[in-house]
Every structure is written in structure tokens, then in C-alpha cells.
Amino acid sequence: MELFYWVVFGGLGAVVAAVELTKSGKDRINSFHCLQEQLSPCLFSHDGVHMYLYSQYGYGKGEIGQLFIAGFGSSMLFGTIVGSLADKRGRKRACVTYCIAYILSCITKHSPQYEVLMLGRILGGIATFLLFSAFESWLVAEHNKRGFEQQWLSITFSKAIFPGNGLVAILSGLFGNILVDSLSLSSVAPFDAAACFLAIGMAIILSSWTENYGDPSENNDLLTHFKGAAAAIASDEKITLLGAIQSLFAGSMYTFVFLWTPALSPNEEDIPHGFIFATFMLASMLGSSFASRLMARSYPKVESYMQIVCYICCLSLASSCHQCSIQLIGFCAFEACVNAFPITVMFGTCSIFLFVASILQRRLMVIAERQKSRPQDNERDIEYETEPLNI
């Protein structure tokens, strides 16, 4: 079976390299992305690979699921508060807060006490929200402050996904596998390594970043934002559909994160978690590379090929069975689409979510095409798209 892992990893690596090397000048993008943002995903990758450290402490799937829910729930609840505080107190401070929160979360992994692990998950949830909001907010503000071209911003984010976050995630997964399997260290070792990388990133942030803030003229009252969001959802079907699609897709993705380890080792076989995770990240990079090619062209429309993405995800999870090799290929297909209790039943439920998402995506495409056919509405949409989003 170990040979099969290497074959899949090598095959995906060869395809990714071929796709990247054959990109045209239009598809290629340059980036001034900094080292700091490449260090940050490193710890998040280790967290995803070795989350089943909890099972070694004697906890069952139900208790581990509660720990997962605590992390996701804290990200949802505290994220609404932390986001506005970052705009008021500074995005740089928010990034430093992320580093501190996740270092503390890594430290809690040394304790087998359920309460301590729960605290670590709550801290990790808050840190996760900051990871996917504070860094991007700081980058956008810094980009505008330095007067760079707006087109470079989308180029930066696209490039960060492939050589930045994707490559760092692969290397961190392999490094975590070396620590646990090759060097025979404890399952906590990847978290300790993540904390060390994070400390380096925090030192770079403190020494080289400048502070920036949100627009003080904007109304940052949370209740006002919630009322505005509710009004937008109620008045615009596109926003409602987009939110439903995102929720269904995210629900399937988080279920996959929780269940891929027991799915590949139903009888508690010893599997190379870090190596498999690195394989998933290669598949994700492949999906990102294809997406960059599609987005660089005016046809097909995003609303059109996103339906295909949902269908592929649906089939890849619905085809799950007890044969590890087939499951691994299906999971790699799902990962490729992501950037783009029997477990098989749970993955079947995810496939239903994704099938519904594909139907909603079809409805969204129809609405978008209908509005683009009307010139006045089209001009109004363009004006809205040129305005920055207030998150």
C-alpha cells in the first residue's frame, strides 16, 4: 500500500509540474507576496494532519467531534467580534494575536485533559478566523497604501495559493510525517514544530510590518452590519444562492477534514497521515492551477464551470468504499475541486449537499446571465464590483 501512496503522489506531482510549465504568458502571474504569509499555513497544515492525536488520548469519535465543533463554533462566534476589533485596533496587531493564540493552542495539545484540549480548540478557532481575514485585510490595505495597480492584488492572491500556501502545505505535511514516522517522535511533535515556525513568522511581522486600520468613517456597529446583511439576503436572490452554495460546500469540506483519517484506516491501520495530507495538497494545487487558467479566459463563465466542480465533488465522495486505494483517489479528486455513523453514509450525505449546491449554482448562473442581458443592470453591477468589500 505504501507503494501506491508514492505512485499517487508522484503522478500528481508530475501532472502539476506539466500544467505549470505549459502555462502561457497570460496565465502566468507575478507576486510580491511576503515570506510571512507563507509561514502561517504551515501550522494549519500540521493541525489538519494530526488532529487524531486526540484518539491516542482515548477519546472516541463523538468527543473528537465535539472538539471539532468547538473550534468551528468559536471561529464563527468570536469571528464577528474579532473582525471589527482588527479594523479598530490594527490589522498588524490582529496578525500577532493570531500567532499568540495558535501557539497557545499548540501547547494545549500536550495535555490529555479534555477541558484543556477544548480550550485549545477554542483558541485555534479564533486563530483560524484571523488567519483567513486579518492577513488578507492587512495585505489589501498595504497594497492600496503603496499605490500598486489593483490588478496586481488578484494576481498576488492567486499566486499565494499555488507556490505559497500550496507548496508550504505540502512541505509541512512531509515534514510532519518525518517527525512522527521517520524520527519516531510523539504525535505532538508536529504541533511543536508549528509553534516554532509561527514564532518565526511573528518575529518577522513585529520587525518589518507597518500598522494599518480600517476606515474610521465606516459604521462598525455589529447590529447594523447584521441588519444590512439580512436585508441584502432578503432582497437579492443571488446573495441567497451564493450563501447557500458556500455553506453546503463548506459543510462537505469540514466533514471531509474530520472523516478522511478513519475512512482510510477503518480498522485503525497505521497510515502515513503527513504523506497523505501532502498528496491532498498536491491535488489542491492541481485544481488551483486549472482554475487560474479558466479565470484568465472570458469563456467559460465561472457560473458555468462551478457546476462541474460541484458534480465532480459529489461523485468523488459518493464513490467512497472500504477499499483504501479507491477512496484515496476519490479524496484527491475532491481536494482538486476544493481550492477547487458509518463513514460511507456520511460521505454520501456530503455528496447530497454538493448535488444540491450544483443545482443552486445552476440557478445562480441563470440569474447572472439574465441580468447581464440588460445593459442598465449590467452597468450598475460593474459599479458595485469596483467598490471594495467591507468585511
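Cβ coordinates are placed from backbone N, Cα and C, and glycine is handled just like the others.
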Per TrEMBL, the range holding transmembrane segment, considering 64-83, 84-103, 304-323: 64-83
The transmembrane segment (64-83) and the transmembrane segment (241-263) contact flag, 3+ Cβ pairs under 8 angstroms: yes
